[in-house]
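Just below is one structure, and these are the notes that go with it.
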Amino acid sequence: MHHRFLNSKSLLGKLILLSLSAAALSVAEPMANFNHSAIAAQSVTSEQKLPNLGAPELPPLGEPFRYIPQEPKPAVNPIEEVRLVLKLRERRVYVYRQNKVQVSFRVAVGKGGWETPTGNFKVTHMIKDPVWEHPWTGELVPAGPDNPLGTRWIGFWTDGKNVIGFHGTPNPESIGRAASHGCVRMFDKDAQALFEKVEVGTPVIVEH
């Protein structure tokens, strides 16, 4: 009995070991599948987050400026090459091109109480053969020899209601005096000449 008991015990031990081994195998197999699936899923997720970098872009030969910052070249603006300087005391407007006086014209400026404003401005409007509106009656005066604006208008100042600019005049005897209501009167031929030298945006500097 004792011998048989030992054999039975030994047999029982073997059965227990086999059972444990089988259990270990049965647990290990799904764990291996689980780990592999988890890693695969993690790999897919990581790949989806990575941007498509593609092949590195190399600069074409002979075109390094597209990739290497270059010193910017100053733009040449035709408007800024010309500027007008109006000197009220001299009753004269000077046309500068690249800091050199090209020509000057005698003018009439605003009289007492209607002084021409000083400061830095720019040409805002240019009109050939302008129509003049009387500021108090609203009467319209068409282009022609009796038009107070002459044949050219070059506006450079406004307060939203009133405007001031260079213009011709049918009263040439006023040139060289403080005679206007703020505008800058010119001989009509001079206003035509100035009109050809400026454009909208040309700086206008008015000094005392």
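Backbone N, Cα and C define each Cβ position, glycine as well.
Caution: TrEMBL annotation is automatic and unverified by curators.
Per TrEMBL, these features apply:
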- H167: active site, proton donor/acceptor (ACT_SITE)
- C183: active site, nucleophile (ACT_SITE)
- 82-207: domain 'L,D-TPase catalytic' (DOMAIN)
- 1-24: signal peptide (SIGNAL)
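The two recorded residues H167 (active site, proton donor/acceptor) and the residue listed as 'active site, nucleophile' have their Cα atoms spaced 8 Å from each other. A mean pLDDT of 96 is what the model gives for the domain 'L,D-TPase catalytic' (82-207).
The C-beta environment of C183 (active site, nucleophile), restricted to residues of the same chain at least 6 apart in sequence and closer than 8 Å, consists of G110, T116, I164, G165, F166, H167. There are 26 other CB atoms within 10 A of the CB of the residue listed as 'active site, proton donor/acceptor', with all protein chains counted.
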